[in-house]
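Undergrad: Can you read through this structure? Questions will come right after.
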Amino acid sequence: MGSNNKIFGAYISGTGSFVPDKILTNADLSKMVDTSDEWITTRTGIKERRIANENETTAYLSIEACRNAMEMAGLGPEEIGAVIIGTITPEMVFPSTGCFVQQALGLKNAFAFDLQAACSGFLYSLSVAEAFVKMGKYNNILVLGAETLSTIVDYNERTSCILFGDGAGAAVVSRTDDTSKGVLYTNCGADGGGWESLYCKAYGSRYPVSRPLEDESDKFMKLQGREVYQLAVRTIVDEFNLCLKSHDLDKSQIKMIIPHQMNARIIESSSKRLGLSEDQVYINIAKYGNTSAASIPIALDECVRQGILTKGDYSILIAFGAGLTWASALIKF
Ligand SMILES: CC(C)(COP(=O)(O)OP(=O)(O)OC[C@H]1O[C@@H](n2cnc3c(N)ncnc32)[C@H](O)[C@@H]1OP(=O)(O)O)[C@@H](O)C(=O)NCCC(=O)NCCS
C-alpha cells in the first residue's frame, strides 16, 4: 500500500515492439521439411515469421522494444522502477535478460527480473506490474514479452517448426490517480498437470547440460498440437467472459480482443463461439507466426500505433500456453 493505503490506477502509458529483419516464408520452410504454403496457411494462418540473427539476442530485441515504449510514454531511464521480462528464451540461464536490459538502457532506479510463464509471460508480468503500481510502490514499470524461439525450434520437425518466430513487445505500466482507466482486471491461472502438452526438457536440473541427453531432440521444444488446440479455444472463451463479468460489460463494448497469436483457426473458432464480429478480433499471425510471450505486446503496440485502440476504448488480452498457463487482462485506454 502507499502511505495512505490508497489504491492507484495503473495505465499503459507507452507501447513498443521490435522484430528482426530476416523473414522465413512458408516457401522457405517447404524447402527444409515436407510441408507446403497451402498446408501452413489453411491450418494456421501463418505466411511468414521473423528469425533473429546471432546478434539479435532476446536482450537485444527487448532493448529496442523498450526504447520505443519509453519514447511513447515520454519517460527517461531514471523514471523506470522495474523491468519484468516474460520469456522462455532468456539471454542466458542467469543473470536475467532483465539485468542486461536494465544496464543497456541505464535504468539506474530499476530492479529487473525475468518471468517464465511461456506464452502467458507478458500477461503474468502485466499482472505483477499492475499490483506494484496500484499499491503505489512504483510509478512506471516496463513489462515485456520477448523471445528468440528460433533457438529452440527443431527445423527438422514439420509440425512445430512452421509455427514459431522471434520478436519482442513492451508496455510501460504507469501510476495514475484515475482508477477508472488502465488495467482494470487481470487473471492468471496454471495447471502443471498439463506440462507434457508443450515443453523443452533441456537444460534444467532434470536434464542438466552436464549429462548427455538420451534423445538429442530433447534440446528442442515439443508439442502435442491437437491437445493444446482444444484447450486454447476453451480458455479464450472462459477468460473473455471473466473479463466482461469483472466490470459488468457487454461484448459489444469491447473494441478489440487481442488473443495470443498461436493459430488463426484457434482465434477464429473462439471468437465465433463468443459471437464477436471480425473487426473486434486482432490477428497478425500471418506476419510473425507464434512469438510466445511476445505475441500479445507486439499486437498491442500495432493496435495503439495504428490508432485502433484510443482513449476510452476497452480491450481484452488473453494468453494460453505451456505450463499449462493462461492469463487475461481487461484494459481501458
Ligand atoms: C500444430 C497444428 C497446426 C497442427 O494442426 P492439426 O490440424 O491439429 O494437424 P494434426 O497435428 O492433426 O496433423 C494432421 C496431419 O498433418 C500432418 N502435418 C503436420 N504438420 C505438417 C506440416 N507442417 N505440413 C504438412 N503436413 C503436416 C500430420 O503429420 C498429420 O498427418 P496424418 O494425418 O497423415 O497423420 C495445430 O494443432 C495447432 O496449431 N495447435 C496448437 C499450436 C500450439 O500448441 N502452439 C503453442 C502453444 S501456444
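Quick reminder: no glycine exception, Cβ is built from N, Cα and C everywhere.
As the structure is a computational prediction, the values presented were derived from the model and not from experiment.
The feature active site is assigned by TrEMBL to CYS119, HIS260, ASN290. Annotation comment: TrEMBL describes 113-192 as domain 'Beta-ketoacyl-[acyl-carrier-protein] synthase III N-terminal'. Here TrEMBL flags 244-332 as domain 'Beta-ketoacyl-[acyl-carrier-protein] synthase III C-terminal'.
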Undergrad: Is it possible to list how many residues within the domain 'Beta-ketoacyl-[acyl-carrier-protein] synthase III C-terminal' (244-332) are helical, extended or coil according to DSSP?
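TA: Helix/strand/coil tally for the domain 'Beta-ketoacyl-[acyl-carrier-protein] synthase III C-terminal' (244-332): 38 helix, 24 strand, 27 coil.
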Undergrad: Averaged over the domain 'Beta-ketoacyl-[acyl-carrier-protein] synthase III N-terminal' (113-192), what pLDDT does the predicted model reach?
TA: 98
Undergrad: Taking just the CA atoms, what is the gap between HIS260 (active site) and CYS119 (active site) in Å?
TA: 7
Undergrad: Expressed to the nearest Å, what is the distance separating ASN290 (active site) and CYS119 (active site) at their Cα atoms?
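TA: Rounded to the nearest whole number, the Cα-Cα distance is 9 Å.
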Undergrad: How do the residues of the domain 'Beta-ketoacyl-[acyl-carrier-protein] synthase III N-terminal' (113-192) split into helix, strand and coil according to DSSP?
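TA: Helix, strand, coil within the domain 'Beta-ketoacyl-[acyl-carrier-protein] synthase III N-terminal' (113-192): 25 helix, 33 strand, 22 coil.
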